[in-house]
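Under the heading region 'Disordered', TrEMBL lists A:1-24. As annotated by TrEMBL, transmembrane segment applies to A:40-59, A:71-90, A:95-113, A:119-141, A:148-167, A:196-214, A:235-253, A:259-276, A:306-325, A:345-374.
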Amino acid sequence: MTSTKPAASERTASESAPAAALHTGTSDPRTLIMRNLRQSGIYVAFVVIVALFAILTDGVSLSPGNITNIVLQYSYILVLAIGMVIVIIAGHIDLSVGSVVALTGAVSAVLVIQQGQPWWLGVLAALAVGVAVGAWHGFWVAYVGMPAFIVTLAGMLLFRGLTLRVLDNISLSPFPAEYQRVANGFLNGLIGGQGYDAFTLLIAALAVAGYAVGQFRTRVARIRYQQPVESFPLFVARVVLVGAIVMYFAWQLAHARGLPIVLIILAVLVLGYGLMTRRTVFGRQVYAIGGNLPAAMLSGVKVRTVNFWLFVNMGFLAGVAGVIYSSRANGAQPAAGNMFELDAIAAAFIGGAAVAGGVGTVVGAMVGGLIMAVMSNGMQLMGVEQSTQSVVKGLVLLLAVAFDIYNKRRAGAAR
Amino acid sequence: MDDTILEMRDITKTFPGVTALRDVSLTVRRGEIHAICGENGAGKSTLMKVLSGVHPAGSYVGEILVDGKPVRFHGIRDSEAIGIVIIHQELALVPYLSVAENIFLGNERRGAGGLIDWNRTNAEAAALLDSVGLAENPVTPVIQLGVGKQQLVEIAKALSKDVRLLILDEPTAALNDIDSAHLLDLLRRLRDRGITCILISHKLNEITAIADSTTVLRDGRTVETLDMRAGDVTQDRIIRGMVGRDLDSFYPDRTPSPGAEVLRIENWTVRHPVQDRNVVDAVTLNVRAGEVVGIAGLMGAGRTELAMSVFGRSYGRDIRGRVFMHGRQVRTRTVAEAIRNGIAYVTEDRKRYGLNLIADVCRNVSAAALGKLSRAGWVDGNEEIRVAEQSRRSMNIRTPSVMSAVGKLSGGNQQKVVLSKWLFTDPDVLILDEPTRGIDVGAKFEIYTIINRLVADGRAVVLISSELPELIGMCDRIYALSAGRITGEIAVSEATQENLMALMTKEKEPSR
């Protein structure tokens, strides 16, 4: 039973707010922050955590080498988190992704290392196995109607077992140099630079320019359609801030080893899936299913088809993560990917996805994953014991979801 | 003077935006069967929830006296402690537990060390079953019993709590005639044992058969209390109290100009998803362009089930019958198919089935016809906003912005969002299921105006409503539905609340 008493008092307060004023530009920062507390809270937390560890490690955590390291070390978790947040938005869960990372890596290793096939064939095989596993899960969840928790728990055991079978209980190593480049390679020196990599900076500058133009066009369109927008100075401040952060990040990378290939893969995936969730019919239907399943059905959404494909997609991304992880580890091990699913799930929830479904964003999950990454990395730099790291990460997850529930209760009260 | 067991004085209960009960008073004599009747939404269930503590003291205004002493219940346990037990329409039994376990649930018979004394539990359960005339083994799982027997288990459970005042909410709604007769018999025997009963029922023949008094509610107010002991109160007399005299005149005018037939349903039969009965039985009806056709029926008559089974088989099993659009037979086996064929269904429960409350107005409006806004799978977000803005203006949806979450809007505005969503699919026929339930008078008028605009555009409307004045005020023709069958079709010029209510409460005739 949830308490209903505070509801009455809060209801009158929120309904009487002169919300019509939002129609024109709003610059009152308090309104803006309160309106987006759920989303902005996560960014604030991220900045605080980055700053905290920068202080605790005397700036080491923000050094060029370390930033590169964070990207290389956690990229596969972030890839998994993209698929996971979509699964979670639709109201499901996937516990099997760690095992699928291991299986796809193992299949690739057997082909490339044992049988001497070309590196790209290993990559394609890993992706194909990932898609097949996703279709398997999708079949049971969407067409048989089983809870994803059970289906993927079974998958977790099943595909770990298959990994052991494929690898014959031994580790395979090493991969050829081309395969290793996927996770460890850099694009640099293409257009020179003195002590820094000009190519990295150019790419970052293009990205920032693209972001600014895109945001401006969105803003113009919204004004044309008489939608509320933030005031112009605030808009400029936001774009400049994001641009500055990206350029600082690129600057650090340019002074280390250049632009990691895996970062390009990740950026393409985040951009693509971000658009997919926000702008496509499929993305809308995922939110509709998670937000109110019966209403989605009665609106003609083909719920089974959507559920099937989002698991196929999760399998595909687990294959991508499997390639990146095996490439980084330079081989395949029977125990690879252990507990990855929990990191990916934690990233999605810390990033604002709702436990009940219907809420969440790809970008939020990325920030959630980065919060975990920065914390782990920072604590490693400080030499904190593994046991303490685990406790801290557990508490952060707990607090993030508690915050989500608190928020939802407030939103519910405002109804 | 009669001995009074219960007196409720001037009970007023409001929900946000709606006054469910206004100065309702109820006096029940000790040892009588007291019936409460009224149309859907008249406030019967709310009144009983106030009495049993489901709506705790402090959430309503007014006074409750039991045995002449004022009482304040803070929960259902408080009311049960002094012997008031309510049996809800939806039975509250745990299907996989045994009859005995269900009877003593929360009230377990314990022995040494606080462990459950199974011998005592089963022996006492057997005695209780005997007293309600149910010849079943107490260890039988409840799921193996039919609805009628489950109802008796509920009563046995109430008796185990030393009930003095038993409240039954529509106890015979799901029962067949034999089970109903058996249950009514049991109520008479309980009365003879000194147990007072409050009986909420739509079945007026039952009420005239067994009630000693009848209190009639209408629009959240007490209309009258009739003394039934002399036996001179007829069903017609009760109906007169239930529907009142005045037909509200706030329905906007419309000149009917029906065109060609749009939708025809033939011989439509739907089985209950689990129970072995037809919820909709050989229904045939039609609607023409520019026409509003009403479906009148009491709760459980099968109105929503009829609509949802036609709309993409969203309810029931073993669905038989044919659907025609513009004279051509069409398939409506999935919701998408139904939408494609020009049918829209606006649900009676907008929060559960109609809206994604955490999403904004914009996304709710586009939800059923995203295909119209997209090319190659990509949604044109700006166009989507334009459509939502257009709906906001034409429907007069009062919202700060189309980007506001629908959950924060009032009931009337939520309903306009649901209507907008379905209008955007450009349907030929709209099935509106209780479109004005739970919304205030002003918003109702707006909805009526929208309905008139729809038919003026040449669309057809099927209006399902529990409010007879609404049907008479809005429709051109009205079908009456009772126990899944059409019991009559009346042109609005001949329709009165009395003759509709008579058709709606008509007992089913034997199958042809």
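Each residue, glycine too, has its Cβ placed from N, Cα and C.
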- For the transmembrane segment (A:119-141), name the stretch out of A:40-59, A:95-113, A:196-214, A:306-325 with the most CB-CB pairs under 8 Å. A:306-325
- Note on the structure: Across A:40-59, A:71-90, A:196-214, the most C-beta pairs under 8 Å with the transmembrane segment (A:306-325) come from A:71-90
- Note on the structure: The answer for the transmembrane segment (A:40-59), taking Cβ pairs under 8 Å and residues 6+ beyond its ends, is 33, 350-352, 364, 367-368, 370-371, 374-375, 377-378, 381-382, 403
- Task: Six or more residues out from either end of the transmembrane segment (A:71-90), which same-chain residues have a Cβ under 8 Å from its Cβ atoms?
- Result: 97, 101, 148, 183-184, 253, 260, 262-263, 265-266, 269-270, 273, 277, 286-287, 289-290, 306-307, 310-311, 313-314, 316-318, 320-322, 324-325, 328, 340-341, 343-345, 347-349, 351, 353, 357-362, 364-366, 368-370, 372-373, 376-377
- Same-chain residue ranges lying at least 6 outside the transmembrane segment (A:259-276) that approach it to Cβ under 8 Å: 68, 71-72, 75, 78-79, 82, 86, 181-183, 185-188, 197, 199-200, 203, 207, 253, 282-283, 317, 320, 324, 361-363, 366
